[in-house]
């Protein structure tokens, strides 16, 4: 029965890509409750303050942005509304955290990826299921889905009760360079959004997935302030370039390094 529900949820996710890109994380529409079973909420263990998002990639592992690291945080899986709990929500602590050992700590954009091992495996359910690592790199022009509990207004931050979703496009790096002269090829990032502005991830969407043509291709990393500016699309960590590192860590090779 759980398998049937998981397959149904994945179908909803696929259908979401057929929608027009009129849904905004900034001032936009709520995600369907069944389209994000892999979405994880990271929050401060003491205050309960929401910190970041993440993505469940198997029963024991979550992928997020390195800049989301915090001393004391918990992870909530299977969540949708902050006020109304799903019956199958589960909470986990980080058992181990892995950041690329060759990351330049003074560069936020460099290797902005963190792999978290949960203190115990989660049980898959109607609202909890993984998102697989990408089998191939994304193509420029791909339709991509963004989602998160981050701000839905660009300047004065306004946070929604449920995650908001939007469709954007994967852009050529050349189109992003004018807005981000600090962006270097070795940062291994993707650029995605709408060049005229108005559709974007925003504050506290960090760590959430960029899903292009159904594949987990990026992690929300960086962007302009205020959010949604023209010529300033979002910057995402390119997950495909870290596949080998992720798989090595999960297999037990905790000394593995990322590509330069």
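All residue numbers here begin at 1 and follow the chain in the order shown.
Including glycine, each Cβ sits where the backbone N, Cα and C put it.
Counted within 10 Å of its Cβ, the other Cβ atoms near residue 67 (active site, charge relay system) come to 17, all protein chains included. If you look up Swiss-Prot, you'll see 67 (among others) marked as active site, charge relay system.
Among the features that Swiss-Prot reports, active site, charge relay system is placed at 112 (among others), with the record citing similarity to another entry. DSSP gives residue 112 (active site, charge relay system) a coil state; it is part of no helix or strand. Sequence-distant neighbours of residue 112 (active site, charge relay system) (same chain, six or more apart, CB under 8 Å from its CB) are 65, 66, 67, 187, 189, 219, 221, 222, 237, listed in sequence order.
The active site, charge relay system annotation in Swiss-Prot covers 206 (among others) and rests on similarity to another entry. Look at residue 206 (active site, charge relay system): DSSP puts it in coil. Of all Cβ atoms in the shown protein chains, 25 besides its own fall within 10 Å of the Cβ of residue 206 (active site, charge relay system).
Here Swiss-Prot flags 31-165 (among others) as disulfide bond, drawing on sequence analysis. Annotation note: residue 165 (disulfide bond) sits in a strand segment as assigned by DSSP.
Residue 52 (disulfide bond): 26 other CB atoms within 10 A of its CB, across all protein chains. DSSP gives residue 52 (disulfide bond) a strand state. According to Swiss-Prot, the feature disulfide bond maps to 52-68 (among others), an assignment based on sequence analysis.
Residues annotated as disulfide bond in Swiss-Prot, with sequence analysis given as evidence: 100-258 (among others). Its Cβ placed at the centre, residue 258 (disulfide bond) has 19 other Cβ atoms within 10 Å.
When other Cβ atoms within 10 Å of the Cβ of residue 212 (disulfide bond) are tallied across all protein chains shown, the result is 25. Mapped onto three states, the DSSP output places residue 212 (disulfide bond) in strand. Among the features that Swiss-Prot reports, disulfide bond is placed at 144-212 (among others).
Within 10 Å of the C-beta atom of residue 191 (disulfide bond) sit 25 other C-beta atoms, taking all shown protein chains into account. Residues or ranges marked as disulfide bond by Swiss-Prot: 176-191 (among others).
Annotation comment: Swiss-Prot describes 202-227 (among others) as disulfide bond, evidence class sequence analysis. Cβ-based neighbour count (10 Å, all protein chains) for residue 202 (disulfide bond) stands at 30.
Look at Swiss-Prot and you will find 25-251 tagged as domain 'Peptidase S1', backed by sequence analysis.
Residues or ranges marked as signal peptide in Swiss-Prot (evidence: similarity to another entry): 1-18.
In the structure as shown, the Cβ atom of residue 165 (disulfide bond) sits within 10 Å of 22 other Cβ atoms. A gap of 24 Å separates the Cα atoms of residue 212 (disulfide bond) and residue 100 (disulfide bond). Around the Cβ of residue 100 (disulfide bond), the number of neighbouring Cβ atoms within 10 Å comes to 19. Considering other CB atoms within 10 Å as the measure, the emptiest surroundings among the disulfide-bonded residues 144, 176, 227 are those of 176.
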